[in-house]
Number of protein chains: 10
Amino acid sequence: MSRLEVTEKIVAAKVAKGLKWADVAARVGMSKEWTTAACLGQMTMTAEQARVVGELFDLSEEECKWLQVVPYKGSLPTAIPTDPLIYRFYELVNVYGTTFKELIHEEFGDGIMSAIDFKMDLAREEDPKGDRVRIVMSGKFLPYKTY
Amino acid sequence: MSRLEVTEKIVAAKVAKGLKWADVAARVGMSKEWTTAACLGQMTMTAEQARVVGELFDLSEEECKWLQVVPYKGSLPTAIPTDPLIYRFYELVNVYGTTFKELIHEEFGDGIMSAIDFKMDLAREEDPKGDRVRIVMSGKFLPYKTY
Amino acid sequence: MSRLEVTEKIVAAKVAKGLKWADVAARVGMSKEWTTAACLGQMTMTAEQARVVGELFDLSEEECKWLQVVPYKGSLPTAIPTDPLIYRFYELVNVYGTTFKELIHEEFGDGIMSAIDFKMDLAREEDPKGDRVRIVMSGKFLPYKTY
Amino acid sequence: MSRLEVTEKIVAAKVAKGLKWADVAARVGMSKEWTTAACLGQMTMTAEQARVVGELFDLSEEECKWLQVVPYKGSLPTAIPTDPLIYRFYELVNVYGTTFKELIHEEFGDGIMSAIDFKMDLAREEDPKGDRVRIVMSGKFLPYKTY
Amino acid sequence: MSRLEVTEKIVAAKVAKGLKWADVAARVGMSKEWTTAACLGQMTMTAEQARVVGELFDLSEEECKWLQVVPYKGSLPTAIPTDPLIYRFYELVNVYGTTFKELIHEEFGDGIMSAIDFKMDLAREEDPKGDRVRIVMSGKFLPYKTY
Amino acid sequence: MSRLEVTEKIVAAKVAKGLKWADVAARVGMSKEWTTAACLGQMTMTAEQARVVGELFDLSEEECKWLQVVPYKGSLPTAIPTDPLIYRFYELVNVYGTTFKELIHEEFGDGIMSAIDFKMDLAREEDPKGDRVRIVMSGKFLPYKTY
Amino acid sequence: MSRLEVTEKIVAAKVAKGLKWADVAARVGMSKEWTTAACLGQMTMTAEQARVVGELFDLSEEECKWLQVVPYKGSLPTAIPTDPLIYRFYELVNVYGTTFKELIHEEFGDGIMSAIDFKMDLAREEDPKGDRVRIVMSGKFLPYKTY
Amino acid sequence: MSRLEVTEKIVAAKVAKGLKWADVAARVGMSKEWTTAACLGQMTMTAEQARVVGELFDLSEEECKWLQVVPYKGSLPTAIPTDPLIYRFYELVNVYGTTFKELIHEEFGDGIMSAIDFKMDLAREEDPKGDRVRIVMSGKFLPYKTY
Amino acid sequence: MSRLEVTEKIVAAKVAKGLKWADVAARVGMSKEWTTAACLGQMTMTAEQARVVGELFDLSEEECKWLQVVPYKGSLPTAIPTDPLIYRFYELVNVYGTTFKELIHEEFGDGIMSAIDFKMDLAREEDPKGDRVRIVMSGKFLPYKTY
Amino acid sequence: MSRLEVTEKIVAAKVAKGLKWADVAARVGMSKEWTTAACLGQMTMTAEQARVVGELFDLSEEECKWLQVVPYKGSLPTAIPTDPLIYRFYELVNVYGTTFKELIHEEFGDGIMSAIDFKMDLAREEDPKGDRVRIVMSGKFLPYKTY
């Protein structure tokens, strides 16, 4: 057994049962963003979180243990994603990558926005010209150490 | 002459003159995010915007014309960026890619968040445990056409 | 179970039963282009469409549910396709890519032709020197937002 | 001197002079699609076509000779294009590649749509919900030879 | 079931039964070159050809149907082949690629040698200094369309 | 100076002077296939051959010396060629690679067709349905040594 | 001018003048590890540090400004380094990568060792069986945020 | 059976039994770094070490034999690791690669730090600003042989 | 069944039985280098050799037939090997590749060292400073044909 | 100036002057294998060696200094070499890679053949069936450290 198999079981159970990530998150007591990433094999759960998820998706005790093991992260099958929705994010990195870099350095100096001490919120933004996806990202600025 | 040469000239002039993107943006009358991307060869300027930028960076008339030509976009030298700041964004796509996909589809159905009808805002978020980078992205949801 | 397995089952059933995509499309009530893409795991069906497809290809109820889940898109096993028919389309992108870019920008300004709000029609074009494949593509022009 | 240098000179001259591809095509007496591709180093001109293009872009006699040499084709700097407009065409090949294959084989049997005996027409399609890009492609069907 | 599985079954049956491609071809009534390629999953058979091949290799009726479906072509596991015999052909393309190009254009003008309307013949060429492999390729010249 | 620069000078001189490879070959006294490959930097010339080529293309004495140095071979800028004419040969390797392998092994046993003790002849094959390119390749069979 | 050109000038000046990194570091007042990385275009200097480095390597005022601009990081020409000394470090990541992961997670839980809040010290370790390279790395542990 | 299967069995047994690498190492009598790497399929065990590991993880006799076979090393599924923890080490090689090279050559001359005659120690470094990961690497310096 | 499965069975049987390649070679009556390569799926056996190998490794009659089929060669899972022992050979090609080329051409003129009419011998070389691996390679020189 | 430029100057001077590597080596007093590699930018010279080489190839004092700097090694422009002579060595690694691994481990246990404490000798081996290239490689065996 591996974490990948547990992830596939969760995804299949979600389809079979017609669950929603937002409802799973409410049961787990965490945000829908973190909960979805955790169920998709990118985050590590506590024993209690794993128990709740295990109940929702009919996981065995051993499968619940896997949810508490730190996974090998990275959710994409290719370095450049083929799926159009995910590719658009890759495209943003490609088109705006140097802009992110310039503006963060201008504001903070040399360093990075952490992808670890990081949270995000994804929501619908109503708009008469067509609703929009709104994503708020917040990552701690980490200055480069000099020594 | 090519747009790449104009971009390099702008970057070099910015270093030599010690300009800030925020000030360039104020002069151009657009956001700092769009203005920086445009100066880095990713967006297309109007004649008036190009005139202002040309003055700030001592560009020739022909160089100003290039700023009004739609550029070949993509600002990174490799498919997987080596620069740590930019890589963190690539990592977010890799770790959270399937999460973006699940949550947007759960909320909107099949479709994508546009990377064209898109805007963003990058700002400092003060925090006693260390200031954070806050990025608000807003892209129009585009549903897949069925026919 | 996964969407890929459902796709493989559909393809195998089509061979075994000798069905035609045009007939499947007529039963589904959509174009043959959209229907084929949907059966090959690139589009999302409604419950009713999935029911019809399920009957035609002897799918289980759970398999029909998978047809209603947004798939991870991208139908090719390699970034550069090896199949000669599909490669010719890649070659068109490679040879005519900058031409598409120049002419769309000349007509519309900076922006893209949407691959989401997109439809196409593929038909035989009779010709005494040898019949031709005629493909009409229509995608909404999306102008780059400035902000 | 190389064909690439001539292409770059044409592109730079077009920016400096503010020419339009449609006007160049009218002078050359060919479609705007073929003419643009030819000027961008993807097609081969006759002596007369080269003379006209040479006059429009102030090319030397030797440069005009290069326009009559069959070029090494392929207009993109990377196998997967980074430019958003061109990428959308790559995405269509990726998402619809197997659909193209199924439908052409269903209609014609084993073979390909030629990318050589090929023509296309790109035009604006007016639409109250937003104008569209319409591309009509026509390529001769070539059946696989059996022997 | 898939075409790949049928190919693997044919290859395994050939080893077990000790058949020769030349004999298979004689039974099918086509050249050994086309027949081998077809059995290896690169060409499409008629019902009658599939029946003969099915008898020789003990295929089921469903497997024979797969032989009549146009396959996804490309027989190599990597873009640059590792097998020394096949690599030598790749090497010829690499070393002589520009030579092929120059000589075909010199003789025919802009266009290609078709790999679809193509046939070949592979035979032993006796030579006192060591026998040679002789391959005669014949592909229709296809001129680039101008329009 | 490098061999690449000499190759580029030869190619440019050929365009400027309107020479034909067949005529160059006649002057050099070798086949057009070998001569073209040699001029394109893939083969090594004798002093006398280099002298003749040097006269035809106005090369300096030092440049003629480079023609006598064994070059670093490989004439293509990418592992998978983008040029349609050259790609068709790559496609033949991909589609027919395993067929070449099977038939050569069936006739000769384990070994390869040499790409070094190799010659080829490329000619027009007249055909009422459209002329064809005919390529005759002849490479020595080299059996794998056992020891 | 670009940061890369300044780096190349520093490296060339170091060879010409026979300077040592340890001495440069002593003059700059930082560790030899940080100083070398900064001179090689991977870290950002203060105005004072840049002044000292500029004097040592005869840099112009504009070149000194570039040393204060945050560079695009990544010092290697290929994703997998060819240089044997650097490759050994890549090999350690490949062979010990999962070991690093297991042990850090066992000790700290889910998170990473920062490569930003990071320092290192490289020294000779005398050993009668042959001296050894000793590298002490210290990076802050960053726990994954849950939210 | 293969070494990979034994590794997967060990990893799964560790999750099911809740073992710790440090405890496994104590039982084996080697460092936790070497023991973890060995259990993950990167090092070769003696018969006695394999016996102890086999008992801890309920391995069969044949599985214990595999632990004594030299494995095909390399623990990562992609050349550039996607897992954030492991990527940070790759990033260190990328950012500090030329620095490692300069400083080792400055101290020792031409040669490398061995990744074979190599050991390391990974420990927690307490720090009021946040604990740190401390890794001490020690590899024998191997001078390039001249001959 | 495929040759790969036979190879895996041989490797597994060798571990289970504790055989040595040198002993297998003695039984087969060929060198240990050729015999090992043949057992690992890179060379083709005669019926008699396959019989002996089949007995040693408990292969079925059909598996013995596979040993007599010419395999698809290439023994490595990635183009650049990750295993340290094998990588060192790749590194030698990378560091000494141009040296091999220069010295072979200096001695023999244009041509190659055959990897087909090739044999090698690998042995221990005793040395008081540490024993060495000694490999003697011998490949026929093949001159480039001119024609 | 860079080491690459010095290498190119040496290669060009060798062509212009018609020198032989064997003679250069005799003057330098080292083997032809090491000397060639050093002149091609893969090894580091002493001041005296650099002086001799500088005289032979008319190098400036600064260029001679570069010969004494440890170079960034790796002599090939692509990861898989296109040049046929060099490719044959890559092919040997690919075909015989696992054989090298098995036989060295069988003789020495876990470890590698050093590519650093390494020497080689390349010579003509006379043979009535055609002369052969004979390469004797000798690398120190380095056992994996356990700790």
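Yeah, the Cβs are placed from backbone N, Cα and C, and that goes for glycine too.
Keep in mind that this is a model prediction, so the values were computed, not measured.
TrEMBL lists I:75-147 with the feature domain 'Cyanate lyase C-terminal'. Taken from TrEMBL, the feature active site applies to I:Arg88, I:Glu91, I:Ser114.
With every protein chain in view, the residue among the active-site residues I:Arg88, I:Ser114 whose Cβ has the most Cβ partners within 10 Å turns out to be I:Arg88. Across the structure, I:Arg88 (active site) and I:Ser114 (active site) place their CA atoms 21 angstrom apart. In sequence order, the active-site residues near chain F (CB to CB under 8 A) are I:Ser114, out of I:Arg88, I:Glu91, I:Ser114. Taken as a whole, the domain 'Cyanate lyase C-terminal' (I:75-147) shows an average pLDDT of 98 in this prediction. For I:Ser114 (active site) paired with I:Glu91 (active site), the C-alpha to C-alpha distance reads 20 Å. Over all protein chains present, the Cβ of I:Glu91 (active site) has 23 other Cβ atoms lying within 10 Å. Filtering the active-site residues I:Arg88, I:Glu91, I:Ser114 for a Cβ under 8 angstroms from any Cβ of chain G leaves I:Glu91, in order along the sequence. Chain E comes close to none of the active-site residues I:Arg88, I:Glu91, I:Ser114, judged by a C-beta to C-beta distance under 8 angstroms.
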